[in-house]
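Heads up: the structure comes next, in structure tokens.
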């Protein structure tokens, strides 16, 4: 296949899927979010990951969300399509569909629920990659999949043509450091944990696939840019301001808190699909306080809330 991949560096937003209160996808708002992230300096968009509620999206809508993203972005920003599944045949179908519409890469998660062995994980990813014709980034998130890839499995998969990177959402800095030392420089590692992203980038990762960037796109872009440049003073300053919100956005299952926060900012309605439910009342003050610490302005929508105009483009960190 001789797969070529131009590494996407910086802040890659794990984009939410905006929905009405009854769970219908808000397509126009989805397009506006893409525009907003481009204006705010986001370096790439990941569509149909965990944050996008892929588990409750139909296959047709899954593919359509990726297609619409590529079409609407029109080359202005790279689109990575989440195409993982715990069925290898389904993962192949989604990967082929995403590649057909022109994604920059596919993001494929370790199969969940069926708990494959390391041999099964290797064979799964190899089958997915060999059935397609484009770059695939592996996704290791044991908090959701239970089973995690070992270092040796990742090293073996890095030798498969078409496997170009890894989203590491383990939060294990020690393991990431080992991988960065043992993998070839052409293999791209991305953080999947906002709290440790800057540290991982300073160690050699290419960027961060971020939940927090849904509400702080400019600042996450600046944090990643500073870390890529080795600017420790800026990294420390930005990290301190973002520490509370990075924690608060995971006080309940993602994307519950970030959707609540985006609704308070006037970016989206708060709708989501069962079994996810809106943010519990007991956590409202915690998330609100963290947003205030980060300098985020709040908007209080009333009944029948619809998207207001997004905040002005490219605001400075002090005002964001």
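Cβ coordinates come from backbone N, Cα and C, glycine included.
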| task | Identify the region 'Disordered' range according to TrEMBL, selecting from 281-300, 301-320. | result | 301-320
| remark: Near residue 209 (pyruvate binding site) (Cα-Cα within 10 Å), the recorded positions in question, chosen from 50, 113, 167, are 167
| query | Taking the Cβ of residue 50 (site 'Part of a proton relay during catalysis') as centre, how many other Cβ atoms lie within 10 Å? | reply | 22
| query | How many Å lie between the Cα of residue 50 (site 'Part of a proton relay during catalysis') and the Cα of residue 139 (active site, proton donor/acceptor)? | reply | 11
| Rounded to an integer, what is the Cα-Cα distance in Å between residue 139 (active site, proton donor/acceptor) and residue 167 (active site, schiff-base intermediate with substrate)? | 5
